[in-house]
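Novice: My questions will all concern the structure given below.
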Amino acid sequence: MSKMKGHISNIIQPVFAIFVGLAVGTIAILLAGESVFLTYREMWEGAFGSLYFLSNTLERSIPIILAGLGVAFAFRAGFFNLGAEGQLVMGAVTTAIVTVYLPFQGFLNLVISIGAGMLIAGLLSFFAGWMEQKFQINLLISTLLLNYIAVLFAGYLVSEPFRDTTSSGGVAHSVMVEDASKLPKLLTGMNVHYGFVLAIIITILLAFIIKRTTFGYEVRMLGQNMFFAQYGGINRKKVMFISMLISGMLAGLAGSVEVMGMHYRFIEGALTTPQFAWTGLMAALLANSNPVGTAIIAIFLAALDTGALGVERNTDVPNAISDIIQAVLILFISAKFTMAFIKSKRKRGAK
Amino acid sequence: MRKNLLFLLVLGFLAFVLVACGTESEDESSNGENDEGNAENSESKEEAKSVAVVLTDQIGVNPFFQQIADGAKQAAEETGLEINVIESSDTTETKQNLEVAVAEGYDLILTATFDAVDPLTTVAEANPDRDFAIIDAIVDLPNVKSAEFKEYEASFLLGAAAGLATETDTVGIIPAQDIALLDKYIVGFQEGVAHVNENAEVLVNYVGSFEDPAKAKEIALQQNSNGADFIAAAAAVSDLGVFEAAAEAGFYTSGQDIDRTVEDPEHVVLSQLKNTDVVAYDFVKEYGNGEFSTGVQSFGLAEDGVGLTYVTAESESPLNDFIGQDTIDQVIEIKDQIISGEIEVKNPLEQ
């Protein structure tokens, strides 16, 4: 019974948050002087209105899903990986460089370059975990700060040694990926690429691992109660290292497929401006780190972005409408955690 | 310990909210100013020819885009064209907006800046029978009209004015980033200074970002303490930091793109002009009059594409004594020499 109740509240919470977000969006639309119905219809049309728009939405959701899954997985084990942005960018830049310098092109090149991106991103995340273990450097802080190092370092790589000098370039970027090694599109003429299939497979895989495997059990136990888990013989160090590694690799994969399937090169700022990693974090938190839920909410958040483009094109409401709704969602998440904090404090006081 | 963890969680959220909202709040500030975009467009499209202006960023952040939108709208009004201004927030969105503009049947699709080069190349190649135009970047395709600016000519004038006016024989320039494109500003400025004042030293320090006024301010103060009494700001939004430093430390500075002297005539004594509005106006007007032809056009001093306040254009604010009418007269002479070809200012990107 209580399990049932838990399930329902897990679904109701994000739905309620989204509802409030849309309600606040309504106020913004009214301020811009547009019809609310018309605007939300344009948003729906812009996100799902035709196969083309649907493909744009799904394409945008790919890095959000993958980065979100990465965060969700670490969070399940009780580790807060705020470094998804840096890991995503390092994965992307590694992939973009490796693919160009491999002596052969084609499918193998694609696999190796994406693998390399995931590896570097995973190691970056692992490094934060190692520092926590070795020097007690708080994960929250180290992962967050490593973002700056990773993003700036990636920017340096494409500004100096690996810069594409053939185009007049106002913005630093790497050399274009060869046609043969590109991640193919799912449908010709559409933007969505095979990264989406990959994202869905990984979602299902993660859900399975967390629910049905011994390692998944260890992860969940550690996340729920560290002392109980350790008392029960779970090796915290091992679980942390593995989950941080996987978390980083998933974030890296998000960047890698975006490079191989969408931009075909690493463009400085192109992966940080859209805030893929932070949107992924938001998806993971709204979904209580449930992999399937994370993927669904990631698609919804991507739809907000692409839908806002439709709103921008066809009404007087600017595309910042999507930012407004997402800002409300962030507030909601923060409020939820603060409430939990206050509640637990009260409980403690009562004792 | 548990309390500790929870506290860190909340702290993490605050960090997350701060990071995630950092750019969002900027976006939101742009809301009120957008009153373009016509919902009625789609119905009346059959009769009038239509123009889509796809911008790579949100207007509110940047007066540069406001100018383009204004120029294009004015020309459209005069020639009876339908016009819709569409803002994007990242490269992927720019590409999608271009694709949708093609699908929705706009006759001319106008975009701007180096950020649009990759997306426009892809979309224009896929639609060889459609007309495109790009401002402030070059896309070398048979169906694209490009406009580039000879900023170095205006920078040369700015440098000359600075070289004549300086009392310490030290001037500075603060460009946004160490990218090839900005050499158009830096090299022109250096040559201009050297042309009139052999003894003067030019300090060059990069901000590293187009949107970091705080850092730009520190750099400006540092250049000033190294003896520079005139410091040219060439870093978009970061310019505000240079202006603030000038007001605090009492040195002189100059702005970019539009007439920034109106903001603080005591310290912002010159402004290098880039008339993107004139070019947007010309392009749309030509299209409306049926005189549109593709190819690359350059806009320099002779074409009134670039300029300098007091030299090529009037300003609302009075001329500061630091510059003085004598200097302006000499710079006007240099301007005439550049136009007549007596002085040749080379494009630094082609040297």
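Cβ coordinates come from backbone N, Cα and C, glycine included.
No curator has checked TrEMBL annotations; they are predicted automatically.
Per TrEMBL, the features are:
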type: TRANSMEM; residues: A:12-40; note: transmembrane segment
type: TRANSMEM; residues: A:60-79; note: transmembrane segment
type: TRANSMEM; residues: A:110-130; note: transmembrane segment
type: TRANSMEM; residues: A:137-158; note: transmembrane segment
type: TRANSMEM; residues: A:192-210; note: transmembrane segment
type: TRANSMEM; residues: A:240-264; note: transmembrane segment
type: TRANSMEM; residues: A:276-304; note: transmembrane segment
type: TRANSMEM; residues: A:324-342; note: transmembrane segment
Novice: Grab the same-chain neighbours of the transmembrane segment (A:192-210) for me: Cβ-Cβ under 8 Å, and only residues 6 or more beyond its ends, written as numbers and ranges.
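Specialist: That would be 55-56, 58-59, 61-62, 65-66, 69, 72-73, 76, 183-186, 216, 219-220, 250, 253, 257-258, 260-262, 290-292, 294-295.
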Novice: Can you tell me which parts of the same chain pack against the transmembrane segment (A:240-264), counting only residues 6+ beyond its ends and a CB-CB cutoff under 8 A?
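Specialist: 59, 62-67, 69-71, 73-74, 76-77, 79, 81, 83-85, 87-96, 99, 110, 113-114, 117-126, 128-130, 132-133, 139, 176-177, 181-185, 191, 193-195, 198-199, 202, 215, 219, 222, 270-271, 276-277, 280.
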Novice: Below 8 Å between Cβ atoms, which of the listed ranges A:12-40, A:60-79, A:110-130 makes the most pairs with the transmembrane segment (A:324-342)?
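Specialist: The listed stretch sharing the most Cβ pairs with the transmembrane segment (A:324-342) is A:12-40.
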Novice: Are there residues at least 6 beyond the ends of the transmembrane segment (A:60-79) whose Cβ is under 8 Å from a Cβ of it, and what are they?
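Specialist: Long-range Cβ neighbours of the transmembrane segment (A:60-79): 87-88, 125, 129, 139, 192-193, 195-196, 198-199, 202-203, 206, 210, 219-220, 222-224, 226, 239-240, 243-244, 246-251, 253-255, 257-258, 261, 271, 274, 276-277, 279-285, 287, 289-291, 294-295, 297-299, 301-303, 305-306.
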